[in-house]
Each structure stands twice: as C-alpha cells, then as structure tokens.
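For reference, the structure is listed below as structure tokens.
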Amino acid sequence: MSVAENRRFLLALSFAGCAAADSGDDFSNNLFSDLAPLLALFGERVIMQFMSQSMGWADNFILAMAPLGIITVIVSAIRVSGPSWLRAIIGRSRENLAVAEAELMSSTSKEVCEVWNGHEVVRCMGLSPVSEFICLISTDTPSTGNGRPVDTTVGTVSVGKAVERGYLEEFETNLWDGIKRMIHRKHSPGDLNAEQGQGTRDPSAPQIIIASNMVADAPNIALNSHNQLGRGELLVVAVIGTILQLGVLTYSGFATYYPSLRLAKDGGPVADYAFPCTAAGTLTLVAGMLICSHVVESSTEEKRYKPGRGKEIRMVWLQRAETVSDQVFNSFAVFASDKRALIMTSHRVPEESRQGTILALKTVLGAVVGLCGFVVQFIGLRGMHWSASVAQLGAVLVMTGLRAWVRRGLAEPPRYHPLSRGFELEWFAIKLGDLNNAPWWDTPEPESKVKNCKNSNWGIMTGGSPEIHEKLRQTSKNGTSKAYTVMKIRIDLGQLYDWRGPASAEAISLARAIEVTMNALFASSPTASFVWSLKAHSAESNAQSVSLHLKQQNGSWKASAEEIEAALSLWLFSVSDQEQGQNQQVSPGTPRSEDDARFRAKGSPAKRSLRLLGSYTQRLRRHLQLLMPDGAARVIEVQTTTQLDDSSRIQVEPHRVVGSGYSATHHPVGYRIWKSSPTPPKDKLDKHVGEGEARNLFLATESHIPLNLLYAQDMFSAFMWAVAKTLTHHIKGADIQPNDTRGIDAWRSFTLRIDSLSKMAREIQSTGFGNLEDVYLSIIPPLSVEHKLLQSDTIIDLAREHARRQEKLGHWTEAGLVYLWLFQTVKIFPEQSRIATRATAELTEYLRLVTAVIELRKAQQYEERDIRDLKELKSKLDEKLETADRAILSSLIRLYEAQGRPWNGDLVGLGSAEDTIYSKVFNFKELHRLAQSSDWKDTEAIKGALRDGEDVNVTDIYNWTPLHYAAAKGSTETAVELLKRRADVNARNALEWTPLHYACQAGKARIVQNLIREGAELDVHGRDGLAPLHCATMNGHLQVVKRLIEAGAALDVLDTSGNTPLLWAAYKGHRGIVEYLWQDANKKLRDHNGRTALHLAAIAGMAEVVSQLV
C-alpha cells in the first residue's frame, strides 16, 4: 500500500470522531485527530529499519509499546508471510519475497546482500560480492612493545570446525534453546569433553585462525560491524516500554474514574465508552503489533557465536568490484574498528521449515487485531480528556527515542580501505603475512592516499642471470620464508570461498602446460614428486625461494594450479599501481598532441611488453632460427640506450620487461628505453658477431599481450629453466623439415624438427597458454643454454644423414653439395671449435671417398662422362678445403696415418706434432693410441686403463673405437682384451665400417675369428657398399675369406658398383680366392656396367686369372 493510500484510509477514520471543542480538549482533539493518521504513517523508514534488526521477543515488545508506523508494521507482516489474497489487497500480490527481505528482514540470502558503497552499508537485491572472514586471534600471541603481534602462523577453517575445536562457542539467547542444548550436552560425552577442553590451547594450532561461514549465502555486515552487547539492554528497554504503555493507561483510568481527578471532557464528565475503548483498543493494538512483529522476526533464523577461551574476534569483509541491482560498487576491505564480543548470522527460514499456514493465520490475526485496536483506541482517545491523548503521544515519542537508542550501532559505520580491483584477497593475504600492518591496526586514511600508496612489494624476481633458477628438487626449502608464507595464506584464503583471482584462467593454462612438459620429459621418472622454485621477495626481504609442487598420480604429473594462481596474482598485485598509474600521468591540462599516440594507447587492449630470451649468443640465436616453425621471425636484438631520438628505440615500462638476462624487478615507475634491431636470416649469419654478454646485447621479442599472460609465460620460462637444469639427457630425435620444396636450393631452407619437442609444444598450445611461437620462446632458450637441446653440431649429423641418402643412390654430386653447404654454414663458429672441426672432417672424409671412386672408375675404364662430374666435384671440395684451418687439416692427415690409411693427396703438409689437437677436439684418447700398438706393454697399459674406468667404446672424431684401431693396426692380444671388456663389435665409424672390415682388410685371421665369435655382423655394408668379405677378397686374404664364408657370410654380396667378392678377386688378380669362390658363386652376376669377372680381370691385366676363367 502506498503512502498516499495509507493517508487517505486513516483520514477517513479520523472524520468519524471530529467534534468541536474548547481550550485543551479542542487542542488535544485537533492534535490527535490531525496527527493520528500521520503517526500511523510517520517513521515508516524508521520502523522498517528497526524491524530489519529484530531478532527476538524483546524487539517485538519494544516495537509494540506506544507503537509508531502502525500501518507499516501491519503491511510488513503481510508482505513477509501474508496469504496471497491479503497481499493483493495491499497491492503486493506479485512482489518477490526478496524485496520484503531487503527492506524488513535481518537476513541475507542469494537474492539479498549487504554491500559497502564507500559511505555506508546498503542492502541490495542480487548475489553478494562480499566474502566474510572471521579472524580468531590467540590472546597469547607474541606482540611488540606497541601491542601489535609479531610474525605468527595463520590457518583457515570453517565456522563448524571452529566450533568443534573450541575456537568459537555458540551463544544462546533463547532460554528454551539453551535448555535443549544443555540436555543434548548431558547425553553427548564427546561434546562435553570438547567443551571441557576448550580452555586448553593446542600448541600446534595456528595463532591466527581465519574462519568462514560456508552456510551463509551472503555475510551480515550490518549485524557485525558494531559490537553486540547481548540481549540485556533490549530487555530493559522492553520493560521500560511496557511500563510506559501501562502507565499511560493507568493515568487515563485515574483521570477518568479517580474521584479527586475526574477530569472533565468539554465541561462535562468523560463518556462512559471512552476509557474502556482506550484501554481495550491500546491492549488490542499492542497485541496486534506483537503478532505482526513476531511474524516478521520469525521469518529469519539467527545464530550467535562468541570467541572461545583464549581467543578474540576480528571481522573483515572483502568486497569485489561488481554491479549489483544496476548499481556499481567498488572494491573495498571493510572491517570493524575493534574486537567483537559476539558475531551473528541471520538467514531466511527455509521454505521447507516454514510453517506457512500458521504464519499466514498469525498475519491475518495480527492485521485484524491491530487495525481494530487502532480504531477502538482512536475512538476512545477522542472521548478522553485531552491529557490522555498527550500522554499517549508523549509515550510514542519516548519509545521512538528508545528504539533509536537501541539501534545506535547503525550510526557507527565500519572502517574501510579502497582496494585495487580484482586484488582484494591478495591485499588481505599480504596484510596477514605482515601482522604489524593488519587492517585492524590501520588508522583511517583518505581514499586518495590509499590509492596512491604502493600496494605490495611481493613479486617474482624476473630477469637477471639464469643462475637464479634452481633445478627440480624432491624436497622443499621454504623454511620460514616470508614470501612463501604470504603465498600459502593466499592459497588457504582462496580455498575458503573458492575465490578465483584475476589470473585464474592463465594459472590453469600454466598448470596444464607444466603437466604436459613433465609427462613428456619425466614420464619414466621414478621420483613421485618434485618441487620447483621461484625467487620472490616480500616486504623488505631479499630474494627468497617460493616452492611449487608437482606430484605423479596414476602415471601422470599434476601441478598445483592453486599455488600458481596465488603466486601469479600476488605478482600482478605488486605492479597493479604501476599498471594503473601510467594511465593517469597525463593531466587534463596537458596540451594535445598532434599525433594519435594517445588515442592508440587508450584503444589498445594491452601495453607494449618486452620479453628477454637471454643474452645474445650464436648458439641461442641459431637454435631459435632452426627450431622455431617460422624461423624466429619476431626475435630481435635489443640493448639499453639513452638516445631518445633513435628511430629504433622501444619504450617499455620496467615491470613489463621480463625474461632472462636483465633485472627489471626493482626499477621505479617510468619507462626504460631499448634499442632494437632485427636478427639476420639464418643463411646470412656472419662469424664476426660477438657474444651478447660483453656488449649488453639480448635476444628478445616485443608483444602487446595482457600482463596476466606475459607473467604466466615468464613463470613457465622459469619452470623450463628448472627442467633444463634437471634433465640428465639431451632431447633427441631431430629431423630436417624443408621450408621450401622447390628450387635447386630447397634443401638449404629448413628447420629442425624434434618430434617429442614439437608434440609437447602443440599440446601446450592447446591449453590456451599462448600461440605456438610463444610456447617455443619459453622452451628453447633454457634448453639451449643448459645444453639439453640438440647440440649445435647436430646439424652435421642431419646433413650427413641427408648426404648418405644421396650416396646410396650414387648421386655423388648432390651429396657433395650437402657437405659443401655444411662446411660453409659452420663458418659462423670458431675455426677450431668442435662443430667446425667435425664439418672439416666430414668434408675431408667425403673427399677421400670421391677420390677413391674416381680412381676406381679410371682403372675400370668407365666412360669419361661418368668421371667428369666427379672430377668437378673433387675440384670444388679441394678448393673449399683450402680455406679450412691449416692446423685442423694437418691433424686430420696425421690421424689418417694413425688409422693406417695415409693421405695420398697434396692438400696440405703434415705439419708438426705440436699442431695435433687430438685430445681436445678430435676426442683422440690414450686408449686409441694404445690400441693401435702391437707392443705387449701397451696391451698391459690398456688393461690398466680399463680397470681405471676408461670407456672401452670411446670414439674419436671419425667414430673410431679402440677396437677399430686394434683390428686395423693392433695385436690380437689387444683386440681380445677389448672384447673381454665388452667392446662393441659392430660399432660403425664415419665410413660405416666395423672392426671386422678392418680386420679382414689387414688379414688378421685370429682377430676375425674372435670378432665372429663375439657376434660381429658378417654382411654389414659401409658407405662405399663394401662388406667384410669384399675387404678380404680385395686384399687377397684367402684364410679370412674361408672363415667368413664358413661363418655364413653371403657369397654374392654387392657393393655400390654392383661388384661381388668374386668380381673383386678377379679384378685384383687373386687366383686362390677366385678358385675358392668359383665353385659356389653366381657366375652370371655382372656389375652395374654389365661386366663379368672375366671382363674385370682382362681390364686389370690379370692374365693368369683370365686363363683361369676361360
């Protein structure tokens, strides 16, 4: 019912008693007749406010005595629990109960909440953006001289658990509920024992307990922002009101009937109906008000708690910035100014627990009784002496004042702090981590001052040397780290209300990315858990380790997204002032710029960021260009500069510079200027570029991604540094992926693809962590710097593999171009580096192979066209080797001599012994030298070296093992000793020959026999296609040939030219071998030029063999 309707209704009632009067009667009659309707309406909001805090019969009596806002009370009862037809009468048939709850009830729910608007607590309809934290502080908490606590431990529980553990105690105000609870305790020994133990503090319990009421849909700020002093005060006021109302009636009775008084009405006696109507009407009105007030009050349920023994209560509410009922509310921390003696919760009685029919009947009864009482009281007072009306009016005024007095706490607003949007929980966690700055110790500050102060200095240490990163551990080293304590508090607080921070999506993506990485690289790890650390700082402390945990469950790794979110959110909170402050540095009076930079900045989704990949090194740059799908197109070279007019400058805020190589954590607010330049294409790299550390030069990428994602990617990079330092093996399985399959230079344009790394990167991308390029930029730098990626010389292996395919097809020129390109590509590295030496060795070995093919073709009288291309290729190879390092070439030629295959060309002089660098670059070990000796003393030395742990299968630059040397030049005793030590009998060198090849070539039958006994492969082919049987027949070792065939060697095995052992024996003129092979060999086989054994013997001029074959 509207206010105007209420006024018209009561005015109509007042007309029934209008009469002329004189003096006091006239005054009182006019006063009451004019004010009565207003008194029924006046104070509508006051009465509604009082009712919204009513939680017992004492409140009902205070409201019912000398009532004010009678129609408001009746209408309120109808709105809360009235039947639908009665709600229709007052125009509220379609009103949602939440509207009545927001205006009349003390409860909050999913539909009604209490919010802080910056000045006061207001009630709104909608979901609550406020979370309540009940801080239970031990009274024996160690404190400083000013009474503030020193660093203590913090724990979290629900209100139910807090009651069970004695941190909180339920406070009963209802006598009957208290009796029932005592009976329950009497029959529950466990509860009694728990209660008796409440006074004993658990020494392991945290000194500060943060409790949350998970049952409540929305917190009751108004009920708990001021101290509740119990119900005694309300009882006293209720008694006073009852006495006051009865006193008015008593006075009216004396004024009417007491002989000495008998106050007249209009000069005559008071009418007989006046006092009975006044008394009956007043009592009936009071009864109706009691019923209506009870209906409203009983629609809610309240619970009260008091601190357990040794505890005190502090209340904190964190409000997130939200729009509720089309009203915008900012982020605040709201808290009571002092400790609470009681805390209270109030919620709407559930529908299934409400006695709807009974409450509806009570509502009808209360409304009818109240209205009838008001009418009867009004008629009675009109017939009474004027003083009775004034006395009732006075009682109303007194009770109005008393009602306001018992609700005086509503006039005391709580204290508050404006907070950064989205970082409410981070502020609270940092405050709890530094208890001297806890909110209840703070003094009120102006909003502008709070906003301009620094939010936090908890942050992740980004940039700097990679040495700050630690490898994965199995145990945590947090100890008493304040940074970890703050992060742990943030995690616990978030779990209380399932609070999602501003970077929860990025944290979940990061956790999944970490899980993918662990499953890819540590799937077979026997370790069940790992800990990886970030360097963080908190307050004024130096860098501290903050540990994040990884666990292996059911064969898969799991990362804690909550830990990641806590660290990421705290880091973002630490720079939120800087992030927001830059937008406010331009004052309104600043002259307008002619360009549109300001417009672009406001329209851009994010600011410019710089991600440092590491100090500039050729290895890192090469890895980025070879391994990234787009060849690292976005990677640039940057360095700090002070030149403001440089066109290549990049201005970046310090907190937006992340990565490895440059510390940007502690720089003040402002911009840092960087000078950038693009990295050259990988086919244009030159060798004179210096290392970045000496020139303060970094590899980096520029982006405009959101700060949340930028920091998440930096945290993943930090994790990859830990992974790279933990890995004990290189990531293998690289393959060449051509970028352009057309043109004669197509094979030069490629990237290296590592299947396991590519699969891992794609899975990480699918988590939403970033695009594929961002993922590679996080993975490659740590693995490159820690030498866990394919080594730089892996490109040699890949190029050699590509060349081998051409060699097997007989495409000697195509294979030679690969080696020439490889030799030129490694020019960017130092001339005596491992990669340059290996490239030179590959080119030299290929030159020997081409030379041998040319000589053979000449000797076998191939056509000139078959030889001309090979000669041109050899000329190119010779020309390119002329540019190689002379010391390396000299050492290679000396190594050929040591292997028993001297160099016959005129490429370079042998050089001096001082030039030999076997031990450094060639990996020529002492075991290699000893194995090629036939002296028995060296055999004994080999035994001693092997006993000392030397690797029996160690390889030199041509992949020769000690067994290769022993088979080629050493003694049988040496070979036998190596075989006893489990030397690899099938090890292949750069020519892909095994030790059996060289033993057959040298004709060492005993060594051949021992190799066969140890499982040597008989028909293995080298790059030239030669098998061990070829080697034996070419060099005329009949006994070796017999042993090989008797052991099962293939008799008609072919080399790359199609020659069988019989053809070679005929060509070389070994009659005994020809005779031995002739019996079982396939005599019809021809080489690739169609020549038989007879043809080859004739070409070589072996007359005896010719006659033998004719």
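Cβ coordinates are placed from backbone N, Cα and C, and glycine is handled just like the others.
The compositional bias 'Polar residues' feature in TrEMBL is assigned to 580-590.
Annotation source TrEMBL lists region 'Disordered' at 580-605.
If you look up TrEMBL, you'll see 958-990 (among others) marked as repeat 'ANK'. Here the repeat 'ANK' (958-990) has long-range neighbours at 841-842, 845, 895, 898-900, 927-928, 930-936, 938-939, 942-943, 946, 952, 996-999, 1001-1002, 1004, 1006-1007, 1010-1011, 1014-1017, 1020, meaning same-chain residues at least 6 beyond its ends whose C-beta is under 8 angstroms from one of its own.
The repeat 'ANK' annotation in TrEMBL covers 991-1023 (among others). Among residues of the same chain six or more beyond the repeat 'ANK' (991-1023), those with a C-beta under 8 A of the stretch's C-beta atoms are 804, 807, 845, 849, 900, 958, 961, 963-964, 966-969, 972, 975-976, 979, 985, 1029, 1031-1032, 1034-1037, 1039-1040, 1043-1044, 1047-1050, 1053, 1055.
Looking at the repeat 'ANK' (1024-1056) alone, the prediction's average pLDDT is 92. Among the features that TrEMBL reports, repeat 'ANK' is placed at 1024-1056 (among others).
According to TrEMBL, the repeat 'ANK' annotation covers 1089-1110 (among others). Non-local neighbours of the repeat 'ANK' (1089-1110) in the same chain are 859-862, 1057-1058, 1062-1063, 1065-1071, 1074-1075, 1078, 1083; each lies 6+ residues outside the stretch with a CB under 8 Å from one of its CB atoms.
The signal peptide annotation in TrEMBL covers 1-21.
The transmembrane segment annotation in TrEMBL covers 61-82 (among others).
Outside the transmembrane segment (234-253) by six or more residues, the chain places 56-59, 61-62, 64-66, 275, 278-279, 282-283, 286, 384, 387-388, 391-392, 395, 398-399, 402-403, 405-406 with a CB less than 8 A from a CB of the stretch. Summarising the annotation, TrEMBL assigns transmembrane segment to 234-253 (among others).
Per TrEMBL, the feature transmembrane segment maps to 273-296 (among others).
Within its own chain, the transmembrane segment (358-380) is flanked in space by residues 13-14, 16-17, 32, 36, 40, 70, 73-74, 77-78, 80-83, 86, 273-292, 294-295, 298-299, which lie at least six positions past its ends and keep a Cβ under 8 Å from the stretch. If you look up TrEMBL, you'll see 358-380 (among others) marked as transmembrane segment.
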Distant-in-sequence neighbours of the transmembrane segment (273-296), which means Cβ under 8 A and at least six residues beyond its ends: 51, 54, 57, 59-61, 63-65, 67, 70, 73-74, 76-77, 80-81, 104-105, 245, 248-249, 252-253, 256-257, 265, 359, 362-363, 365-384, 388, 392
Within the repeat 'ANK' (1024-1056), residues counted as helix, strand or coil by DSSP: 17 helix, 0 strand, 16 coil
For the repeat 'ANK' (1089-1110), residues assigned helix / strand / coil by DSSP: 15 helix, 0 strand, 7 coil
